[in-house]
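Step one of this worksheet: look at the structure below.
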Amino acid sequence: MDKQEWNDNLTMDEPLRKRRRSEGYSMASSLVGPKLLFRHPDSLAAPIESDASIFHQRTELVTTSSTAKLADENVAPFLARHIPDQYGPLELRPDNRSDKPSMTNSRYCYRHRPDLKCRRQVDEPSMDYLQRELQTLPQSDQQGIAHVWSLFSAAPAKHRKLMLQGILAQCCFPQLSLISASVCELIRIDFLTALPPEISFRILSYLDTASLCRAAQVSRRWKSLADDDVVWHRMCEQHIHRKCMKCGWGLPLLERKQLRASRRQMEQRAAHWGVRNASPSSILSGDMRCWRESTDPGIASLDPPNSERRVSKRQSVPPTSLSEDDDYFKTKFRPWKEVYKDRFKIGTNWKYGRCSVKFFKGHTNGVMCIQFDDNILATGSYDATIKIWDTETGEELRTLRGHRSGIRCLQFDDTKLISGSIDQSLKVWNWRTGDCISTYTGHRGGVIGLHFDATILASASTDRTVKIWNFEDKSTFVLRGHTDWVNAVRVDTESRTVFSASDDCKVRLWDLETKTCIRIFEGHVGQVQQVIPLPREFEFEEHDVEYKNESNSTVSGDDPGVPGLSPSPKPSSFGPSFDGDRPAPPRYMLTSALDSTIRLWETSTGRCLKTFFGHLEGVWALAADTLRIASGAQDRMVKIWDPRTGKCERTFTGHSGPVTCVDLGDSCFATGSEDCETHRSDFTNVFLLQNMKTKV
């Protein structure tokens, strides 16, 4: 090729070189400073071997030097203006000036914590990948791309948006797809870390158990939040002793007073979460700093000062380990998550019928009444004896003798045991020593039912009467109205009422103030054997919704009332004696009868809300709490029911005779039968026994 041809080619390439100077290179390597990501090679080309290679090398050098000069003129002021601490003159940098200028890009970024600016550092794996990809390109292209990145890094928020919008407008579909895939990963926000702890706890409180456990595996920060007592205390409040309306789960009983006592403490903990130097005295009130050591490995409790000691169910540390200098936020008792976990295991065992069974044998005739509390079990039999058992070892502790005939009913507390017998008497025992303290007579027939609460004792007899005994003033009176044997009674001290069930197929509600019957419940077609008022905490959602709808409806012709005046209080459905501040009787009641059914009643209206079918013969025994019902029948079966749906959840067999009595706890139930045996099914320590069969 001659000299003229070289000149012609050089002339044809001139527009291209000019366009590349103006469009492609907006920044020089000398401006990248200490943040320069890509190094220039020492040599740009191979050794010169021909005129063509010499020409191209010279052209490359001219282009690079021209680009650097152009970048010095256009890009350097831009970088020095927006990042003065790196690219500004030394005498004008913020470190050397007394009045520090405000950052132009001061807007917070939603992707990061509020205390961080939008200018974040790229993670190392991503930068290493980009570095490797960049090194596969020619050196001139490397320099151009580095300039573009540096310009974007230096630009304020408004400029960045314009740059991105311009780039997106020129992207084709594959490039947009790449952006979409990358943004899906980058736009994820660690919101729990960015938000205040109070809001994070509120968000976590809406999760179920499985989701909370998965959240604790995300990071250390998430684990500290998801495992905190604030969250799990709320979970216990939502599930223990009641059915959760969201998930339908209910866990075994934990005294609601214990949960309420800790609620204020949890609120303070959420408000001061993360403050490690807070003084306990500035957060806790004096009555909440009194801790007692637990005696039950199940759950823990807080007892306020000067109160009667209760059985603690939540393990707390000894008081000597507490001091004002200790970190308050370090858990000083068993974490609520551990409490929930134990109760959840027990609830799952209840659901699937997994239990261990202990047998108590010693009576020589049918077991007619039973009660247990913690590790004490008391049984009464037709053999005229009462036996006290240790439920942990199965050992018979003592036998109470004194009645002349079969024992049909008993009840005990921490100090005394009261029993009723066919011999027409009631006896008060010191069950710890076996001594008979006193004997009450007054019925003209056998005593087949009794119940005491506080200072009131009610007894039911075959003489068709209910007798009320007042321990405080030693007074007694009789309630008459039933036309056949009275089989069971229940006292409600709060409302000062008594429920009674009779062989005349009726249940009566009595007012102890007026000594009159205020409600009669009819519906059973067989002799009613048991009556149980449900705890006031019991919630029946289906009926509650119906009740609210009825309360909100307006009947035509009703007087709307005078504007500005509060409506007059609605009279009580139980009569004038309940108007005012006197508490009403429990809202719901359960009964069982020899017509093989169990019924759920509304006491205020006398309506039967639900009937439970499933037993093949008469239901002799009944026990219930807010989560489940246990029933025993002539068909030798024990059934566990859901009181809200009426569904039979489990059926237990094992007795060789009719089941005559049953008692229910939060983690076990006990049954007595005419086969002279007592069975106690425990859902805490589960192992399989061949003698106990379980079926749906």
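Glycine is no exception: its Cβ is also placed from the backbone N, Cα and C atoms.
Positions annotated as compositional bias 'Low complexity' by TrEMBL: 560-577.
The domain 'F-box' annotation in TrEMBL covers 189-235.
Among the features that TrEMBL reports, region 'Disordered' is placed at 1-25 (among others).
Per TrEMBL, region 'Disordered' is recorded for 297-323 (among others).
Look at TrEMBL and you will find 549-586 (among others) tagged as region 'Disordered'.
Annotated repeat 'WD' per TrEMBL: 360-399 (among others), in sequence order. Taking the repeat 'WD' (360-399) as a whole, pLDDT averages 95 in the prediction.
TrEMBL lists 400-439 (among others) with the feature repeat 'WD'. The list of residues near the repeat 'WD' (400-439) in space but at least 6 beyond its ends in sequence, with Cβ under 8 angstroms from a Cβ of it, reads 365, 368-369, 371, 373, 376, 378, 380-388, 445-452, 457, 459, 461.
As annotated by TrEMBL, repeat 'WD' applies to 440-479 (among others).
According to TrEMBL, the feature repeat 'WD' maps to 479-520 (among others).
Residues of the same chain lying 6 or more positions beyond the ends of the repeat 'WD' (587-611) and with a Cβ under 8 Å from any Cβ of it are 499, 501, 505, 507, 509, 519-521, 523-534, 536, 538, 540, 543, 573-574, 617-622, 624, 629, 631, 633-634, 641, 643, 646. Per TrEMBL, repeat 'WD' is recorded for 587-611 (among others).
What TrEMBL lists as repeat 'WD' is 612-651 (among others).
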Same-chain residues at least 6 beyond the ends of the repeat 'WD' (479-520) whose Cβ lies under 8 Å from its Cβ atoms: 445, 448-454, 456-462, 464-468, 526-533, 574-575, 577-578, 582-586, 589, 591, 593, 601, 603, 606
Surrounding residues of the repeat 'WD' (360-399) on its own chain - C-beta under 8 Å, 6+ positions past either end: 296, 311, 405-412, 417, 419, 421, 429, 431, 434, 657, 660-663, 665, 668, 670-680
Residue distribution over DSSP helix, strand and coil in the repeat 'WD' (440-479): 0 helix, 25 strand, 15 coil
DSSP helix/strand/coil residue counts for the repeat 'WD' (612-651): 0 helix, 21 strand, 19 coil
